[in-house]
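Engineer: This is the structure I have questions about; it appears just below.
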Amino acid sequence: MIRLEMKFSAVPSLVECLTSVCHPPSRGLSSPTRSHIRHCRKEQDLPRLTNQLLNSSGSSQANQLLNKLNDHLGSGMLRPELAHQLFDKLFPQTVPVSADALNVLFSALACGLPSAACNDGPALAIALFKHMARARCRQVMAPTNHTYNTLIECCHMTHRPDIGPAFFGLLLKTGITADVFTFNSLLKCLCDMKQSDEALGMLLHRMPGDMPDVISYSVIIKSFCDNGRSQRALDLLRMMTKKGSDHSPNVVSYTIIIGGLIKEGELSKACALFHEMMQQGVVPDVVT
């Protein structure tokens, strides 16, 4: 991973973003970030997943408090007031809380379905993260790279992309290392806000040259195609082909552009790109 020595200007502060809405946005998580989020889709899976990580992280009083949070969450009885009370009890602890346990709790909140006790889990996760940040309790609960990756990814998943750049700015400010997952989640947020050109500028000028992967490019390609700019996406595909190696387009990249060209009535270009894909040894799938 690469330490970034740069300023991310033109990004609203996290406090500004959080106070601009009645229900704060996002959340937090752990190393298998996307796996945890995507497998938390069913409400009944939340207690199982969270217990798995909490129970593996030790038996300290801090983790017992996290287990209590999880129990209330799993039963649909976790009121925001109770969550804040339990979180307050975590701050004086001298034994560090497992980052995995804390992050998975945040992800469970982010993915949980509304209940009578709490109708906005993502908002509660953000409020708890904000609470934690204000308490300056880094000795007990220190956000990690994976925490911020999850927060930014969840901004995309829960349709609050405007918060993503603020978390990215906070990550840089705190000196935590950004990796390709951080950037890919940020690119999704920028594209969600229809800032495809800004996302492309981020990829070309702010990401270290060897960092972008095929997902980085495909996120922007999809955004261009979704907004009727398939030719721009095709230009980016050409750039990927020239770079080669980990940047080489895959079946997803080609399929997105072929679909975009067809939607724009460019059937001849779509067919030509399909044949080019075959010549490059990329095997089409059922979607293509």
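Glycine residues also receive a Cβ, built from the backbone N, Cα and C atoms like all the rest.
Predicted automatically and left uncurated, TrEMBL annotations should be read as such.
According to TrEMBL, the feature repeat 'PPR' maps to 179-210, 213-247, 250-284.
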Engineer: With DSSP helix as H/G/I and strand as E/B, how many residues of the repeat 'PPR' (250-284) fall in helix, strand and coil?
Structural biologist: 26 helix, 0 strand, 9 coil
Engineer: Pull the DSSP breakdown for the repeat 'PPR' (179-210) and write it out as helix, strand, coil residue counts.
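Structural biologist: With helix first, then strand, then coil, the repeat 'PPR' (179-210) has 24 helix, 0 strand, 8 coil.
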Engineer: Grab the pLDDT values for the repeat 'PPR' (250-284) and give me their mean, rounded.
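Structural biologist: Its mean pLDDT is 95.
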Engineer: Please count the residues of the repeat 'PPR' (213-247) that DSSP assigns to helix (H, G, I), strand (E, B) and coil.
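Structural biologist: With helix first, then strand, then coil, the repeat 'PPR' (213-247) has 30 helix, 0 strand, 5 coil.
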